[in-house]
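Colleague: My structure is below; once you've seen it, I'll send some questions.
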């Protein structure tokens, strides 16, 4: 790798280091990361295939699940192939525009996923608190519009980030990113000039997405639990809460890692860089891996369909 001098310049490309401090272990690290990426791709494609062929799953909850699967595929694929290329071939070179594009995809689709979780919470609220109107409120058209609204919100919130870097901070003091992918703050830290506007905007978006979305989801579940507690028997309460179990697990899988990673990035200055970078990668891999597993294990229709497919495959062999 070339040596880059600490002089402000306009670069055409940047260099990703992978996991800083663990360069000698990159080959070994590629084994768990490659395995997790394979599991994420196979799991989410399986969910998409099962929902597509099983007509009984053509319901709002499973349409939202398919949206999550697509988002998780984009999130993992936007980072893992490049990371594996760094591990295997030392291919840390990335064009500036490609870096900003990767940054946009990561932050945009993380925002979209948060919006889908919010839409799923609304779906569960209507299904439990007003079940007679569920099919009228959550029509296929409404589900599609909610998904589109989540995408548009992600583009609207995150679109300015790469533009602000490209237009306001064109000069860079170094081209080496001590990270495995083009994370917003990691790129901003390389630039010359006043980056306070970028920092404030990034923090504001983080607040809007992480805090407000999670607060709205929590409020919906407070109303759901109140409705459940009004049911006559404990069996009815458990059955009704069981329909929310997968969604609650998926929410925790998404929000807990991203909250921990954000807090460490902002305030954990004593955390070693390898630990921070590993956590940042895990938060992009954990939801794509665990979401399909959670829904396959906890959702009877998906579980039964998967078992049927496996039995059919066994008989054919």
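Glycine is treated like the rest: Cβ placed from N, Cα and C.
Whatever TrEMBL says is automated annotation, not expert-curated.
Feature list, courtesy of TrEMBL:
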- 25-50: transmembrane segment (TRANSMEM)
- 43-295: domain 'G-protein coupled receptors family 1 profile' (DOMAIN)
- 62-91: transmembrane segment (TRANSMEM)
- 103-122: transmembrane segment (TRANSMEM)
- 142-165: transmembrane segment (TRANSMEM)
- 205-228: transmembrane segment (TRANSMEM)
- 240-258: transmembrane segment (TRANSMEM)
- 278-297: transmembrane segment (TRANSMEM)
Colleague: In the same chain, which residue numbers or ranges, 6 or more beyond the ends of the transmembrane segment (205-228), come under 8 angstroms Cβ to Cβ?
Modeller: 107, 110-111, 114-115, 117-118, 121-122, 124-125, 128-129, 157-158, 161, 237, 240-241, 244, 248, 251, 255, 258-259, 262
Colleague: Cβ under 8 Å to the transmembrane segment (103-122), counting only same-chain residues 6 or more beyond its ends: which ones?
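Modeller: The answer is 61, 64, 67-68, 71-72, 74-75, 78-79, 143, 146-147, 149-151, 153-155, 157-159, 161-162, 181-184, 187, 205, 209-210, 213, 216-217, 220-221, 247, 250-251, 254-255, 258, 284, 287.
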Colleague: Given pairs 6 or more apart, does the transmembrane segment (25-50) have at least three Cβ pairs under 8 Å with the transmembrane segment (278-297)?
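Modeller: As far as Cβ distances go (cut-off 8 Å, pairs 6 or more apart), the transmembrane segment (25-50) and the transmembrane segment (278-297) touch.
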Colleague: Hey, which bits of the same chain come close to the transmembrane segment (142-165), Cβ under 8 Å, at least six residues off its ends?
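Modeller: Same-chain contacts beyond the ends: 60, 63-64, 67, 100-101, 103-104, 107-109, 111-112, 115-116, 118-119, 122, 184, 187-188, 191, 197-198, 201-202, 205, 208-209.
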Colleague: List, by number or range, the same-chain residues at least 6 past the transmembrane segment (278-297) whose CB is under 8 A from its CB atoms?
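Modeller: Same-chain contacts beyond the ends: 19, 33, 36-37, 39-40, 43-44, 46-47, 65, 68-69, 72-73, 75-76, 79-80, 83, 106, 113, 179-181, 183, 246, 249-250, 253-254, 257-258, 260-261, 264-265, 303, 306.
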Colleague: In this predicted model, what is the average pLDDT of the domain 'G-protein coupled receptors family 1 profile' (43-295)?
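Modeller: Across the domain 'G-protein coupled receptors family 1 profile' (43-295), the average pLDDT comes out at 89.
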